[in-house]
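Taken from Swiss-Prot, the feature site 'Important for substrate specificity' applies to Phe14, Gln71, Glu155. For Asp70, the entry in Swiss-Prot reads active site, proton acceptor, with the evidence type sequence analysis.
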Amino acid sequence: MENYQLVLASTSPFRQQLLEKLAIPFSTLSPNCDETPLEGESPQQLVLRLAESKAQSCQINQPSLVIGSDQVCVINGNIVGKPHNRQNAIAQLTAQSGQSIVFYTGLAVYNSETGETRSCIDEFKVHFRPLTQAQIVRYVDKEQPFYCAGSFKSEGLGIALFEKLEGKDPNTLVGLPLIDLIDLLAQQGMQVLG
């Protein structure tokens, strides 16, 4: 598959940084899809549908493998989105203090030549330390995680919020499960290590 171009259907700088770890040249495109949850759709169904939709929405003129990814954070059965501002971030972290939350990340690789899409879901659990309001405010003011699901950056100071992490790939928390991606690329004929 040397003639296949790798494309990341995302403008997220976090996902781009993760994909760079694989040392494969890639380009990025902004996906064009409606991210509104469907009525009755589970978190798992939502992230899988959106990952596939993002990958398939990119119009490519050459043979490419297009990567789509989507992530939601679930606490007490409710999907928690990005906070977008300081007040919401503080409220989210206050609700998560001493709790366990689950991240579901949908991942899809679309082959623009064959039309085939391979996809999977990765689950990652985060157990928060009991946090004081002062700790939460200090963290939010220092790291400003306004565009991160769950209101934290696990790759930064956010690690101080956690008691325990459970999952097969810590990259999942940042939004791109690389272990699963390596497998999906291999299923499409692209070997990361050659």
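Cβ from N, Cα, C; glycine included.
Where Swiss-Prot records a feature, it is marked here on the structure.
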{"residue": "Phe14", "record": "site 'Important for substrate specificity'", "Cβ within 10 Å": "17"}
{"residue": "Asp70", "record": "active site, proton acceptor", "Cβ within 10 Å": "27"}
{"residue": "Gln71", "record": "site 'Important for substrate specificity'", "Cβ within 10 Å": "28"}
{"residue": "Glu155", "record": "site 'Important for substrate specificity'", "Cβ within 10 Å": "15"}
State the Cα to Cα distance, in Å, between Phe14 (site 'Important for substrate specificity') and Glu155 (site 'Important for substrate specificity'), rounded to an integer. 10
Cα distance, Glu155 (site 'Important for substrate specificity') to Gln71 (site 'Important for substrate specificity'), nearest Å? 16
Glu155 (site 'Important for substrate specificity') to Asp70 (active site, proton acceptor): how many Å between their Cα atoms? 18
